[in-house]
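Inspection log for the structure reproduced underneath, given as structure tokens.
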Amino acid sequence: MNLQAVRSIYTFEMARAGRTLLQSLISPVISTSLYFVVFGAAIGSRIQEVEGVSYGAFIVPGLIMLMLLTQSVSNASFGIFFPKFTGTIYEVLSAPISYFEIVLGYVGAAASKSAILGLVILGTANFFVDLHIQHPFMMMLFLLLTALTFSLLGFIIGIWADSFEKLQLVPLLIITPLTFLGGSFYSIDMLPPFWQAVTLANPVVYLVSGFRWSFYGISDVSVIASLVMIGVFLAVSLAVISWIFRTGYRLRP
Amino acid sequence: MNHETPTAPAHQAKADSPADRPAPVIAISGLSKRYDSGFEALKQIDLEIQRGEIFALLGPNGAGKTTLISIICGLVNATGGSVVIDGHDSVTDYRAARAKIGLVPQELTSDAFETVWNTVRFSRGLFGKPPKDSHIEQVLKALSLWDKRKNKLITLSGGMKRRVLIAKALAHEPEILFLDEPTAGVDVGLRRDMWEVVRELRNSGVTIILTTHYIEEAEEMADRIGVINGGEIVLVREKAALMRQLGSKQLTLHLQTPLASVPPALSHHPLTLAEDGNVLVYTYDASEAGDSDHVSISALINEIEAAGIRFKDLHTKQSSLEDIFVNLVRERP
């Protein structure tokens, strides 16, 4: 195991976030705060409680998930796309490191960044609403697993994309709609029965539901189903990445 | 890692007996590459690089120089054949193999917003070496980059960026250095500096493989020269031997009446007929032209005239490395 190399990639990627602190940390915090102002204070005050939780507090887990998903994907996809785009990837490919170590460095850094961001948003939310976390350990587990899984997905997108347009396409066309329709801002009980059934095909529902459960003990689907769903996601992402490296897809012609 | 000890493939046996030659630091055998597009970039390449030499790989654009280097360094997967680097197979034992290699790519790629110091330090870590700032300081000083160590890469000129790429490649103290077109787009002064750096590296025991399409560069730097064209190695020779070949001259006589064969009176000279007997060609070594036992051109011409051969014109021609190169490359379209 070339730990030195993993550490080099990890710190390099973390330093990149440090240089673009405004973009990587402050802008998500500002946009989340705006959500709280609009949905929590302005509109939320006119919406009745959801299963005994005020609407402002109800949307906190969903909002963190929204940020966690989009930031994990964008961090990780950009982290591997950019060296591919500029050509500096040659150095990583010519170094005595394994595929696993490359993934550990890049995805580890992306996941760390979005997990930190998730906690920062949680802290920000604390200013706007009254927060109770019933299962802090499970909350952290959901947070870390989601950050990891979606960073892996971002890594795949970053390798697949051969233009900046494609890099934006998947987050825009798939991740964002799934997240908004995944119960971030509502409980799926609020939907008509037909759409409830359709929604269950959306994997993000399981993530948001499980994460919300760790806060308030309320959930749309069972916690076990949520954990299984993350596990399936993780396994699929890992399988795709191992295929990418086995075939050299878009990295080693 | 438990892999088979590489054994010399049968087709290498034609080289002089392996026992009296040191083991090559790089042994390439049967290496081929066909891209998905169907393009055959390399066709069964066999090549050995000796420890401590400067090997220049010459070839026109698209000949396969970069593909060959890319496979050795792990950037491209080969379709067939093998590369053994100092006893380590480049695929099955890639960690040990790659740790020995430093690569300076052709393209000027850089992390624009990183500083010189950080980017070189990163390279060392990537190759699994513990930090050693004294070594990085030494490399930066040798490449006249020390004053620029705090500069961001985006602020550097093209020549300076090229030096940074060399510094990155040297950060992990490699035993083998690949320079892919090191002086493309570099001004004359910097080119001389770079040659100096390469020579110093060789003196410290580093094996250097450089690709170039500047013949002058190969002539100036290399111990051995290989010519690659159309994915095949068409020539590998000591530079000194090539330079001797360079010294060969040809005297061409255009005859008034064609000859059926060289007259017996002249048969002790290396004379050949060409163009249906209309041209008589005499090949000789220019470097020996002044030697006492060497037949002087005027004596030869006297003999030819004595044999009753009349000519209407004559000219002499000296082949340059460039001619050799152009001929080699033209033969195989």
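Every residue, even glycine, has its Cβ placed from backbone N, Cα and C.
Note that TrEMBL annotation is computational and uncurated.
Lifted from TrEMBL, the feature list:
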DOMAIN    A:19-248  domain 'ABC transmembrane type-2'
TRANSMEM  A:20-43  transmembrane segment
TRANSMEM  A:55-82  transmembrane segment
TRANSMEM  A:102-129  transmembrane segment
TRANSMEM  A:141-161  transmembrane segment
TRANSMEM  A:167-187  transmembrane segment
TRANSMEM  A:194-215  transmembrane segment
TRANSMEM  A:221-245  transmembrane segment
Between the transmembrane segment (A:194-215) and the stretches A:20-43, A:55-82, A:102-129, A:141-161, A:221-245, the largest tally of CB pairs under 8 Å belongs to A:221-245
Out of A:20-43, A:55-82, A:102-129, A:141-161, A:167-187, what stretch is closest in contact terms to the transmembrane segment (A:221-245), meaning most Cβ pairs under 8 angstroms?
A:141-161
Rank A:20-43, A:55-82, A:102-129, A:141-161 by Cβ pairs under 8 Å to the transmembrane segment (A:167-187) and hand me the top one.
A:55-82
Most CB pairs under 8 Å with the transmembrane segment (A:102-129): which of A:20-43, A:55-82, A:141-161?
A:55-82
